[in-house]
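S.K.: So that we are looking at the same thing, I have put the structure below in structure tokens.
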Ligand SMILES: Nc1ncnc2c1ncn2[C@@H]1O[C@H](COP(=O)(O)OP(=O)(O)OP(=O)(O)O)[C@@H](O)[C@H]1O
């Protein structure tokens, strides 16, 4: 398949805002893609890796500009001027190819395979001279591209495609291209995606084996599953009523840490975050704790990783550390053993998703029994750099007799945890879904996780710092970010300095003191209320937002959704 055909797909996607039309364009491309299907499922979204693969190309806009100049011979100031005018280096690249004066190598054709494989390769360059090799490789692609092809190659390299294709569109397009496109087909594709997290696997399976083959796709060890998410309970009584099955509800601490999925296969233990990132290397203590405790040969567990102060970790009354402290461990790449002693952790496991066979369709109560059966004993030990391992204490109550749950809620808060989880004992595990059968009860107006999309230098004392951050939520329908307000308080100078450095490294375009950034940084913010507003493209504005912390464990697509902001607005 030639890249020109894909360019046509991008053009058609950019020219419509209708989700159904986008779905049909993508479905058509999938149906015609032959051997390129696995590449197209990521490329149509302007990506190169599936969601669970966090590899990055390591391509900055500066480096891309250099590649465009090398490939085309166009004058730098003119290319920069085009870039400034349009805010899109892709457009500037198209102009450079057209007007650069360098002969395009018409003898070669840019194929989808070459673009995909060539760009993916950039992620593998390491060490000395890797930047130069990236420039050369990218320049190689641009030098055989038509102007339109260059536009999309550059946008893909920078991760700036923005053709408004979300995961829902890919799912629906697979259902249309290879099944009958009806609601059942969409559900079958969705389910297959939730357990595999890989649209390439799902699309090829649907194409080659239809609905039956999709249904056979299952959980696999070391391929992380999307986490089941909770809905918010407005009160204990309401939560108990909503989560009840046959008059019973399970209740547990809502531990305050990082969601962790633990895969055990023979001697191998791997840990994944909610973003499906592999963090095994950062938590050797947790790996050792699992090795000591687990008796099941093969298993996947779901749990919460909580950091506690070193002084209290070994006692009965542990004090959790704040989330920012714990996230230092996630980011840490060297001295992990020393850091593990500074911020010791306990893994509180609360679910078992696999123990040789998939348990996703089993009721929660049964899964908990399997969890217990997978361990001999779980004695926390903290000497010798071994983390603690505990199974979440769980109990059941009737909604008519809520006192024991109310007491545990109080206790959880007193001990520095977040609140209570209420679980329907009959609920199956629904990966990636917020379903009313898993509820969380927390005392405050819930903070939002939002993405920084633009930032402005402050006036006065903090004039060297990007103190005004424009925040956006995620519109899952269109795969776009929509602004919901501007943040300027809650951070210390040190926190803001760190944020400024990080955002500067993500800068794409500038207009005076305003900097547009790659949407990578997710912040947790609290706020007084949500107002409707015409100032931001979400239609909402957060009133008095305040910085609570950086959510290192979340990426832009994990930010709170526009749908959620809608419902919080309605609930006020
Ligand atoms: N016993 C428990 N059972 C299930 N989840 C728990 C438990 N204790 C803590 N958690 C955490 O609570 C989260 C449930 O809330 P939700 O799915 O809404 O996550 P979230 O968006 O990160 O919200 P929050 O900021 O409230 O944690 C889980 O992702 C998990 O990390």
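Even glycines carry a Cβ here, placed using N, Cα and C.
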S.K.: Which of 216, 220, 304, 311 shares the ATP site with 252, 259, 274, 350, 434, 440 per TrEMBL?
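M.R.: Looking through 216, 220, 304, 311, the residue TrEMBL assigns to the ATP site is 304.
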S.K.: Averaged over the domain 'ATP-dependent DNA ligase family profile' (338-475), what pLDDT does the prediction give?
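M.R.: A mean pLDDT of 89 is what the predicted model shows over the domain 'ATP-dependent DNA ligase family profile' (338-475).
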S.K.: If you draw a 10 Å sphere around the Cβ of residue 252 (ATP binding site), how many other Cβ atoms fall inside it, taking every protein chain shown into account?
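M.R.: I get 20 for this one.
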S.K.: Let me know how many other Cβ atoms fall within 10 Å of the Cβ of residue 440 (ATP binding site).
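M.R.: Within a 10 Å radius of the Cβ of residue 440 (ATP binding site) lie 17 other Cβ atoms.
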S.K.: Between the Cα atoms of residue 254 (active site, N6-AMP-lysine intermediate) and residue 440 (ATP binding site), find the distance and write it as a whole number of Å.
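M.R.: The separation of the Cα atoms works out to 7 Å.
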S.K.: For residue 274 (ATP binding site), which of the three DSSP-derived states applies: helix, strand, or coil?
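M.R.: In three-state terms, residue 274 (ATP binding site) counts as coil.
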S.K.: Please name the residue among the recorded positions 254, 274, 434 whose C-beta has the most neighbouring C-beta atoms within 10 angstroms.
M.R.: 254
